[in-house]
Amino acid sequence: MSSAGVALSPVRSEPLIMPLVRANSCLDSYPDDTIMIYLTLPGSVIPMRVLESDSIESVKLRIQSYRGFVVRNQKLVFGGRELARSNSNMRDYGVSEGNILHLVLKLSDLQVLDVKTTCGKHCRFHVERGRNIGYVKKQISKKRGDFVDPDEQEILYEGEKLEDQSLINDICRNDDSVLHLLVRRSAKVRVKPVEKNFELSIVAPQAKDKKGREAKSIVPPKKLSLEPVVVNSKAKVPLVVKDMIQSASDGLKSGNSPVRSSEGTGGAYFMQGPSGNKFVGVFKPIDEEPMAENNPQGLPLSPNGEGLKKGTKVGEGALREVAAYILDHPKSGNKSMFGEEIGFAGVPPTAMIECLHPGFNHPKGIKTKIGSLQMFTENDGSCEDMGPLSFPVEEVHKISVLDIRLANADRHGGNILMTKDESGKLVLVPIDHGYCLPESFEDCTFEWLYWPQARKPYSAETQEYIRSLDAEEDIDLLKFHGWKMPAETAQTLRISTMLLKKGVERGLTAFEIGTIMCRETLSKKSLVEEMVEEAQEAVLPGTSEAAFLEALSDVMDYHLDHSQEH
């Protein structure tokens, strides 16, 4: 995951009414379209006056001014939908008087810990906010061999013992946080804030010689399991996927619990390997997706089953994550024939699994969870962390091909990781595909549209890859792996693949094709949506899918040729 994580930020419990400030306006009078909305965060409701005509960007700027949350770190959710278009206004999204909006914040995922003893010994290490107390114990002992064994440590907060699964992000919330580390030889840890970090001072008597320490084995929970979900026994599972699943399973058996990430609007867990020194995968349970029954981030249940993005359903994100990996064919051909090769866009290996562990969010009792497991990618951050000018053109193009094909409704810089290959070249890795393959094009969003690389022509190699794509083969391949796509979703894949191939035939760039798919504003339909409506009007009711696609092909040819003439 990137170095930036998404979390529901802790706030003061008292409400704060954010004033509506306009030039030449009186403090006791407001424009006619003024409304009162309520921003909710854990433990807090914040009344806020806005105008129905205010843009989403301007509302976020006011939140930044009064609460200090940077605009790019904010997500607003209303009525089960993310207010993702910055230039759209509150009225466009149907926000009116008295409505409740959920504010999700992205914070730094790294916490610097300074550990000191009264005898002058000191060490410093970085801890991800998604790490737990058990990990902190191991790091303290590992950094300083004369510290107490992790098994001999107990950490209390406000008089209550913290379990090893407790997250740093959930504990270090208040400026006056004090942690007491109780060891068999009675040690204490006091935490005080130092700017954005925490400083830990440890008081402990001289530790015993390592040889004199009592060896303790880690005893994992009695009930735990991690197995692949196999729908078709004939479907070949790539070796890299088998190894990932085995490593995650061995990690659980070794007592290395899942570590919940503070990133994202749904539940996501870092799965550790048997050594406990590195992550091997990221598990996203279906029942913890945004607006699902057991979502741990405080989002409400979906009122109609629709996901945060139009054309998606709650609980189908894991299927789409796996589908993106399966359909990311390598340059040499269909992934069903060459399962061991890396896909053209580089989607990390992903599989559907079932896992039982008490470390997940189980408000109604511990049960087996089904979800997607994606290989963890070591990275240097995400594309949000730096400007796009340094991104290689081919790296941006490969992601654009994937997003256009799958009609991705949630491509932003935060879900494109940056890493380097063996030669030191920058490589972009696309992740988070739970909102691809929607049933409509309404929410298609491609951040790379605004990057200069998108205006460059596709290389001959990329064009050849695009020509090799076949939507019907893709639909059959997903069915072979266990997902019989809904008719609307299959139609989206056929249309987006058709547009991509026709666009490349005419020499269109990623920017030009992507612009056809994405709406300029929330209320103005995209050109591809208009093409679909035109084709639907040209055929009789009850017409076959093949006849509709033939009509759409003619409509698409006309619009693409006409646009080139101008």
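All residue numbers here begin at 1 and follow the chain in the order shown.
Glycine is no exception: its Cβ is also placed from the backbone N, Cα and C atoms.
As given in Swiss-Prot:
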type     : residues                                                                                               : note
DOMAIN   : 34-111                                                                                                 : domain 'Ubiquitin-like 1'
REGION   : 250-272                                                                                                : region 'Disordered'
COMPBIAS : 250-263                                                                                                : compositional bias 'Polar residues'
DOMAIN   : 255-547                                                                                                : domain 'PI3K/PI4K catalytic'
REGION   : 261-267                                                                                                : region 'G-loop'
BINDING  : Ser262, Glu263, Gly264, Thr265, Gly266, Gly267, Ala268, Lys284, Gln374, Met375, Phe376, Thr377, Asp432 : ATP binding site
REGION   : 407-415                                                                                                : region 'Catalytic loop'
REGION   : 430-456                                                                                                : region 'Activation loop'
Could you give the residue numbers and ranges of same-chain residues that sit at least 6 residues beyond the region 'Catalytic loop' (407-415) on either side and whose C-beta is under 8 angstroms from one of its C-beta atoms? 2, 4, 106, 309-312, 382-384, 388, 399, 430-438, 441, 443-448, 492-493, 496, 517
Using DSSP and three states only, what is Ser262 (ATP binding site)? coil
What kind of secondary structure is Ala268 (ATP binding site) part of, going by DSSP in three states? coil
What is the biggest Cα to Cα gap, in Å, among Ser262, Glu263, Gly264, Thr265, Gly266, Gly267, Ala268, Lys284, Gln374, Met375, Phe376, Thr377, Asp432, the residues listed as binding ATP? 20
If you draw a 10 Å sphere around the Cβ of Gly266 (ATP binding site), how many other Cβ atoms fall inside it, taking every protein chain shown into account? 27
Give, as a single whole number between 0 and 100, the mean pLDDT over the region 'G-loop' (261-267). 82
Cβ-Cβ neighbours of Phe376 (ATP binding site) (radius 10 Å): 21
DSSP residue counts for the domain 'Ubiquitin-like 1' (34-111), split into helix, strand and coil: 15 helix, 36 strand, 27 coil
Taking DSSP three-state, what's Phe376 (ATP binding site) in: helix, strand or coil? coil
Within 10 Å of the Cβ of Gln374 (ATP binding site), how many other Cβ atoms are there? 26
